[in-house]
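**Q** Straight from TrEMBL, here's the annotation block:
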TRANSMEM  17-36  transmembrane segment
TRANSMEM  56-80  transmembrane segment
DOMAIN    60-482  domain 'Ammonium transporter AmtB-like'
TRANSMEM  92-116  transmembrane segment
TRANSMEM  136-156  transmembrane segment
TRANSMEM  168-189  transmembrane segment
TRANSMEM  209-231  transmembrane segment
TRANSMEM  252-270  transmembrane segment
TRANSMEM  349-369  transmembrane segment
TRANSMEM  381-399  transmembrane segment
TRANSMEM  430-455  transmembrane segment
Amino acid sequence: MFLPHTYHQIPFTYHNYYISSHLLLFHFTYTLYLIFPSHTLTLMEASWQESVTYSINTVYLLFSAYLVFVMQIGFAMICAGSVRAKNAMNIMLTNVVDAVVGSISFYLFGFAFAYGNSNPFIGTDLFALVNIPNVTYDYAFFLYQWSFAIAVAGITSGSIAERTQFSAYLVFSFFLSGFVYPVAAHWVWSPSGWLSPFSTNLFLSSGAIDFAGCGVVHLVGAIAGLWGSIIEGPRAGRFDAFGKPVPLRGHNATLVVLGTFLLWFGWFGFNPGSFDKIVVSYPGTTNQGNWTSIGRTAVVTTLAGSTAGIVTLFGRRLLIGHWDAMDVCNGLLGGLVAITSGCSVVEPWAAILCGFVAAWVLIGLNIVALKMNYDDPLEAAQLHGGCGTWGLLFTGLFAKQEFVIQTYNSGKVGVERPYGLLLGGGWELIGAQVVEILVIFAWVSVTMGPMFYGLHKLNILRISIDDEVAGLDISRHGGYAYAPHEDNFPQSYADYMRLREDQS
């Protein structure tokens, strides 16, 4: 190997200065090797191995965070396509607000409540990322968890679309992302959480397995939306005088399909990304590690969503007599939601069963919602709540012990953990899953229910009937999302106000 012995022989540029400094480092290391060969090789090997491993894991987690953030685009597209054209600008803006308000809230309080140390109920340090990075968490981990937090508020926004005051979105987004969701996340995902499968004192000797957030994300957002929709009541014209449903179809199926594919794409960061680290080898194996589990998780996610989409396609065809693109998209998403809890601990064949049942859960809950005059423009409570609940129960029934140990003990040999009831794993895991469902329902109900009711009593929750009929775009945002409109429609907020004055 040729090495320059005099560094002044290299022309001075910043690039060459960089090379020269590394050559100096190499010479120094080589000299150490000549004097202490065994010790130097050990030092170099450990240092490079740790650095490369940390770098790869960090890049993997950041890339997963970017994928999950893409889901915000998917939410925005689905929301816009599922509402009427006169409310498109409003629903798009609320998706932006959910992200930006949730970001500040999660930075200031949410991350600390979710992952701060102290007690099994709530974290009490790391506010505003003080002492980050540390030996446990770094900025990449915060960014990944932030992408989850802002997704929760997006779920809730869909349930109360087309009739909610904009100021109410600001309030509930901040509260949900900064307090309600983080506490639930602390219970299940923090090592000190009382339901956490990472805890040293496992609840029911198992802890609840909610790998990527059937309960922590989807059920929290759905229950919040459920209470908001109940307190607000249905949209004007959704049910006639006899209580029969009147279709208020979304205005753009193209946006719904686009949003669905973007969400599906983002789910590959949501589920496989929840491993946090990709370079983790399993003891007792020569070719298995987190990388194999991540691949399986991606396959399982795909199968569950695809099965639910197919079942919904034919199921709705039998019920309504035609092929409906929007129904299929919601069915596919229902399957993705349902597999989110157990995606890392079930076999591919079980994912097909998960998706099959999820489709019928969504179809059935939509029928029940209409019977009860419940109005959710995006079916968010039924989809994220119903399918999320089924997903938690499914995990308690079909989790495989080998995969549970790989996920939560890095494949450590000699470890025994409870697993799926139908696979012979006993009642501990399914018991923990049921407890998670109940406590999340109770927690979100006692926090978000009173908050929505308070906004309602202060008259800052629902818009007036006149504004609702005219549409939120013109009545609250100064114009329409699309142009041009018919001549007899107001073209600006000033036109709208003059029209109201003429009618009064």
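These residue numbers are counts, starting from 1, taken along the chain as shown.
Cβ coordinates are placed from backbone N, Cα and C, and glycine is handled just like the others.
Let's see these features in context: how buried, what's close, how far.
**A** Beyond the transmembrane segment (56-80), the same-chain residues lying 6 or more positions past its ends with a Cβ under 8 Å from any Cβ of the stretch are 88, 91-92, 94-96, 98-99, 138, 140-141, 143-144, 146-148, 150-151, 154-155, 157-158, 161, 252, 255-256, 258-270, 272-274, 276-279, 329, 378, 481.
Long-range neighbours of the transmembrane segment (136-156) within the same chain, counting only residues 6 or more positions beyond its ends whose Cβ lies under 8 Å from a Cβ of the stretch, are 58, 61-62, 64-65, 68-69, 71-72, 75, 79, 95, 98-99, 101-103, 105-107, 110-111, 114-115, 126, 129, 172-173, 176-177, 181-182, 185, 213, 216-218, 220-222, 224-225, 228, 269-270, 273, 276, 380, 384.
A Cβ distance under 8 Å defines the sequence-distant neighbours of the transmembrane segment (209-231), meaning residues of its chain 6+ beyond its ends; these are 148, 151-160, 164, 172, 176, 180-181, 184-185, 188-189, 197, 270-271, 273-274, 337-338, 340-345, 374-376, 380-381, 383-389, 391-392, 395-396, 399, 404, 407-408, 429, 432-433, 436-437, 440-441, 444-445, 448-449, 452-453, 456, 461.
Panel annotation: around the transmembrane segment (252-270), residues 63-71, 73-82, 85, 88, 147-148, 212-213, 298, 301, 305, 325-326, 329, 332-333, 336, 340 of the same chain, lying at least six beyond its termini, place a Cβ under 8 Å from a Cβ of the stretch.
Distant neighbours of the transmembrane segment (349-369): 299-301, 303-309, 311-312, 315-316, 319, 330-331, 334-335, 337-339, 342-343, 375-376, 379, 381-383, 386-387, 390-391, 394, 398; these residues of the same chain sit at least 6 beyond its ends, with a Cβ under 8 Å from one of its Cβ atoms.
The list of residues near the transmembrane segment (381-399) in space but at least 6 beyond its ends in sequence, with Cβ under 8 angstroms from a Cβ of it, reads 155, 159, 208-211, 214-215, 218-219, 221-223, 225-226, 229, 330, 333-335, 337-342, 345-347, 350, 353-354, 357-358, 361-362, 365-366, 369, 374, 419-423, 425, 429-434, 436-437.
Only residues 6 or more beyond the boundaries of the transmembrane segment (430-455), in the same chain, are considered here, and those with a CB under 8 A from a CB of the stretch are 168, 171-172, 175-176, 179-180, 183-184, 187-188, 195, 203-204, 206-210, 215-216, 219-220, 223-224, 227-228, 231-232, 341, 389, 392-393, 395-397, 420-421, 461.
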**Q** Determine which residues of the chain contact the transmembrane segment (92-116) at the Cβ level, with the cut-off under 8 Å and only residues 6 or more beyond its ends counted.
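**A** The answer is 72, 75-76, 79-80, 122-129, 137, 142, 145-146, 149-150, 152-154, 157, 161, 166, 169-170, 173-179, 181-183, 185-186, 189-190, 477, 481.
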**Q** Counting only residues 6 or more past its boundaries, what in the same chain has a CB within less than 8 Å of a CB in the transmembrane segment (168-189)?
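**A** Sequence-remote neighbours of the transmembrane segment (168-189) are 94, 97-98, 101-102, 104-106, 108-116, 120-123, 145, 148-150, 152-153, 156-157, 195-196, 198, 208, 210, 215-217, 220-221, 224, 228, 436, 439-440, 443-444, 447-448, 451-452, 455, 460-461.
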**Q** Check the domain 'Ammonium transporter AmtB-like' (60-482) for me and report the mean pLDDT.
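**A** It averages 94.
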